[in-house]
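Scroll down for the structure; my scribbles are underneath it.
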C-alpha cells in the first residue's frame, strides 16, 4: 500500500467533498445520547445541591466558589492527611524526598509523583509497594478523580527504630538514604525519642510527559513547605476546595483476599472473574483494585474489555484483550494503550444498535483468551461488562457468561431499597382513610419498580444458565462439562462513600471519553489534530464499511470525510469478502455492503480529508507506519471525534473549529468573507 507522510497541510484539498453532509446518519443517535446524558447530569446536580444545602451549617465560612460553569463548595473543616511532616521529610538530591511513616499514617494528594519503598511497605490504590522492588512507580491523582493516598501498610510492617535501621547490617537500604538518615538522626531523636518507624519511602518528581496536564494542576492551591521541591505534587491537609477521597470498602478487600488472592480452591482451569453491575456502581474502580491486588500473587493478568462506553486501556468503541503486568495507579487516561494484545473496532458506546456483532466480537476475545490459557493455564482472567442490565442488555450479559464460563462473578449493587420502602410507608400512612388510593399507589409502585429497579443475578439464576448449556450439549457428551461458577454480590462504592462531594472537575461520561481520545492521539505532545501532519494513504487496497445505519454507496465517501474510523487488518480478504463487496467505480475503494466479518483493529484514525482525484485518504493516526502500510479495511461507527480535539487558536486569540465554517463570496450584504457557525467555544 502506498503511504506517504504529508508535511504540508496546506496542500490538502479539503474542498473535494462537501463537509456539510458529513455523517448525517449518526447525528440523530448522538443527539439523543447527549440529551439523555444531559438530563442525567442535571438530575445528579440537583441531588448534590440538595445534599449540600442540608449540610450548609457544617461548612467552614460557607461560600460558593465559581469554577467555570460549575458551582463548587468548600469542604468540612477536617484534616485529611495525618502524616506528620516535622522531622519526617528530608531532601535527597535535587528531585527526591525521603518520607518516614509511623503506624496508620496517610497522605492524600493530587498531582503526579513517583514512589519507591525503602523500609516496610505502603499501599496506593490497593497496590502494595514493597522494598523488594527498586522500581519507582508513577502515581496519577488528577483533580477530576477521587483523591488518591499513600498509606503505611501496617498489617505487614514490622516497626523499627531509627538506630536499628542505620546500624543493623541486615537491613539493606541505599547508601545515600542511610547517610541522609545519619545526618538527621539527632534532630529526629530530640523531637521524638520513641519514634517507631513503619515504613520509609522516596518520592521523586514525575518527569515523563503526562497527557491532559490541566487535570493535574490548579491555579490556586496551598503547597506545604516540606513538599515544595516536588513540583506537581499537592498533599492535602485542610484544602479550601472541593475534593472526594478514594476509600476502598473493607467488603471489597475481604472478598478479594479471601476468595481470589489466598483461595486456591478454584476450578482446575484457573481463576476467571466476570464483573457486572449497572452504571455508576464502581466496576472500573473495583477492577483496578482487583488487578492491583492480584499482582501481589500473579506476575501477569489477562483483561478482557467488553464495555465499549467506558474502556480502561483504549478509546471508546474498541473491544480488546490485553495482558497486564504493572499496577494501575490512576484513571484510565493515564494508562491508555495504542497497541493492546488484540482489539476489535465496534464503533459505538452501546451494543443496542448492533447486538449480534457485539456478541461475535465478545466471543472472539474469549476465544483468544482460551488460546493463551492453553499455554499459561494459571494466568488469571478478568472480564469487564457494560452497565446495561435490562431487557436486551441483560440477555447479552447472560450470553457472555455462558460462553466465558467464569469461576466467579462479582456483582456490584446499589442498595437503595431502604429509601423506596420508607417512601412507600409514608404514602400508606397518609392514605389510611382511602383504600382505593392505597391500592392505586401500590399498583403504580409495583409497575414502576418492574422497570426501574436494579436487575440482579442470583446463584440459582447462574446455575440455571449452565444447566441450559448442558441441555444444549446433550447430543455431544464430549462438550458436556461440569461448570462451577460462584456469584458474589457486593455493595457498590456509592454505598460506602462518606463524602457528599464530587471532584473539583466533575466530568461526565462524554468528557471522560474525550480525555481518553486526547491521550490516545497525544495532543499535548504533538499538538491539536488540526496541526498534526496526516499520512497520505492510497485507497486501492482498502475496503470500507459503515457499521451504523444504511448509507448508500454513493454517499459513503461523504460519511467518511472528517470522521473517526477504525483501521483494521483483514487476514483473509479474498475469502471473506468475495461475495459481499463491490466497487462503485474503478477509482473508488471496495464498499462492504453486508455485516463485516471479524477483522483485527490496529488503531484509530481521523480522516482529515479525501483526494477524490488521485485516490488518497489523509489520515491522522498514532499507528506505526509499518502497521498502517499492511492495513486493508476501514470501519466507521457512530463515535465521532470530539470537537475539543480539533480546535486551534488564531493569532488574534480566536478559537477556530474546523469543519464548522461556511465559506461565502464577499459581496454586498454578506457582511464578511467567512461566517462561523455558533459553537460552545465562542465567548
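Backbone N, Cα and C define each Cβ position, glycine as well.
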- Task: May I ask you to indicate which of 385-419, 420-454, 455-489, 490-524 is given in Swiss-Prot as coiled coil?
- Result: 420-454
- Query: If you count Cβ atoms within 10 Å of each one, which of the binding-site residues 280, 284 comes out on top?
  - Reply: 284
- DSSP, reduced to three states, assigns residue 284 (ATP binding site) to helix
